[in-house]
Ligand code: HPA
């Protein structure tokens, strides 16, 4: 694994104009943010040795370096998900590469289902904690002390200063945001109504099928993390509707302009 990360790292380093201030992963339907970068370098995932290729709909599969709000960032247009059949090692591979490159900040965006009754499609939730319900942990396996401690702390998995920067950005853009807890399911089936009720009882605000493995690994490797979720739908059973992946992408398409404004302003506010 170290060897595989090293090869990708050597390639990524050779293509980047310095160490990015942040690595950003764009969730379903948010790929257009990468088009807003200036002085872009676009690298298809397939060009990077060892990099897992994304197959999920709404994920382009490219790494884009460029500037946003005067900051040099690395943007992943698309991630691989555990539900696609990738190993946890694959899912967190990009995080391993960016942390090894010396990137200090990891920003995860994603589409989620609402669990909290107060949320509606299009709402933005800033993550302040998570529940890992995937039944797997990306750090399971032989100890890799050169990468991360055996038992990494997760008390503040989502950096408080970054949440505050996102809140300032939201206020300046006139976008309503709230804080919430992300509960990760492995998918790919949507949750049942009983699972959504369970999630609510356990303290979740939103549910999704990504992000948590990457957040665990990023924290373990000493990065600070920001999680920005966009509500695509009410959780199963909360309305009369049934759920489709198409509806998730349609809602994200509607919200993407607002999210891109928020992200852009966030990088202006980020210190
Ligand atoms: N559940 C899990 N993941 C999701 C959902 C959902 O309802 N909507 C978007 N991603």
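Heads up, the Cβ atoms here are built off N, Cα and C, so glycines get one too.
Note that this is a predicted model, so its numbers are computed, not measured.
Per TrEMBL, these features apply:
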| type | residues | note |
| --- | --- | --- |
| BINDING | 28, 59, 79, 80, 81, 111, 210 | phosphate binding site |
| BINDING | 191, 233 | purine D-ribonucleoside binding site |
| DOMAIN | 22-266 | domain 'Nucleoside phosphorylase' |
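Only 111, of the binding-site residues 28, 79, 80, 81, 111, 210, have a C-alpha within 10 angstroms of the C-alpha of residue 233 (purine D-ribonucleoside binding site). Ligand 1 lies under 6 Å from the Cβ of none of the binding-site residues 79, 80, 210. Other Cβ atoms within 10 Å of the Cβ of residue 210 (phosphate binding site) number 27 in total over all chains. In the structure as shown, the Cβ atom of residue 233 (purine D-ribonucleoside binding site) sits within 10 Å of 21 other Cβ atoms. Counting every protein chain shown, the number of other Cβ atoms lying within 10 Å of the Cβ of residue 81 (phosphate binding site) is 23.
Residue environment of residue 79 (phosphate binding site) contains 27 other Cβ atoms, counted within 10 Å of its Cβ in all protein chains. Between the C-alpha atoms of residue 210 (phosphate binding site) and residue 191 (purine D-ribonucleoside binding site), the distance comes to 14 Å. DSSP assigns residue 80 (phosphate binding site) to coil in the three-state reduction, outside any helix or strand. Here residue 191 (purine D-ribonucleoside binding site) is positioned 14 angstrom away from residue 111 (phosphate binding site), judged by their C-alpha atoms.
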